[in-house]
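**Q** According to Swiss-Prot, the protein has these features:
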type    : residues                                                             : note
BINDING : Gly9, Ser10, Gly47, Arg51, Thr141, Asn142, Tyr147, Asp150            : ATP binding site
BINDING : Gly46, Asp67, Thr115, His116, Pro117, Ala118, His119, Thr120, Thr121 : UMP binding site
Amino acid sequence: MDVVFALGGSVLMPKEGASTENIQNYAKAFKKLKEMGHRVSVVVGGGNTARQYISVAREFANESFCDEIGILATRMNSMLLISALGKDAVKQVPENFKDAEIILNMDKILVMGGTHPAHTTDAVSATLAEFIDADLLVIATNVDGVYNKDPRCNENAVKLDKINTKELLEITGSSSMSAGSSGVVDPLASKIIDRAKLKTIVVKGIPEEILASVTGNHNGTTITP
């Protein structure tokens, strides 16, 4: 199966900083999926690294410039994961989908970050999935699925086990799109998922759930066309 993962930068690089064990555990999960015969692509977010830099830069620069900072942060995080993957990855971060496809055709795990200003890595992963005609898009984030309301500020929010892409659009329609913003799925990614009719799964961004999203026994949200 051809699978694209959107790996949240905040789960790879939590607030407490880089952890060798944490990054190694993600690398092991992606390696295992490759060993099982799946073609694996990972788009890594900027997470806390991006937000820290952007919060300072925003005092001096516009949103477009802050977007560029965020893109660089995603590529630094990507390099960390690439280093842990060793021979299973190519030691460079592609900046466009054609170069990404070349890496996939080398039978390597593809790892990349952001590509364009105003595009989150969720949107990049959805576009990549459409570009390579992937079988599945998995969004691994710091929330364990899609909720009817933001669970981080609504204690009555209800997790949705299964929704369709139109329902996803309704839920994500009012999300923020400023540089460094974070949400379960951003509006642009939702539109691409709907347009491309991508089967998508949103899971808690831990190695166990990443594996489970492909084997079929995950605890997240399944989004169908």
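Including glycine, each Cβ sits where the backbone N, Cα and C put it.
Can you tell me where each of these features sits in this structure?
**A** In three-state terms derived from DSSP, Asn142 (ATP binding site) belongs to neither a helical nor a strand segment and is classed as coil.
Taking the Cβ of His119 (UMP binding site) as centre and 10 Å as the limit, one finds 20 other Cβ atoms among all the protein chains shown.
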**Q** Whole-number answer please: how many Å between the C-alpha atoms of Thr141 (ATP binding site) and Pro117 (UMP binding site)?
**A** 21
**Q** So of all those binding-site residues, Gly46, Thr115, Pro117, which one's Cα sits nearest to Tyr147 (ATP binding site)?
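**A** That would be Gly46, nearest by Cα distance.
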**Q** By CA-CA distance, flag whichever of Thr115, Pro117, His119, Thr121 among the binding-site residues is nearest to Ser10 (ATP binding site).
**A** Thr121
**Q** If I take the alpha carbons of Gly46 (UMP binding site) and Gly9 (ATP binding site), what is the distance between them in whole Å?
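**A** The Cα atom of Gly46 (UMP binding site) is 5 Å away from the Cα atom of Gly9 (ATP binding site).
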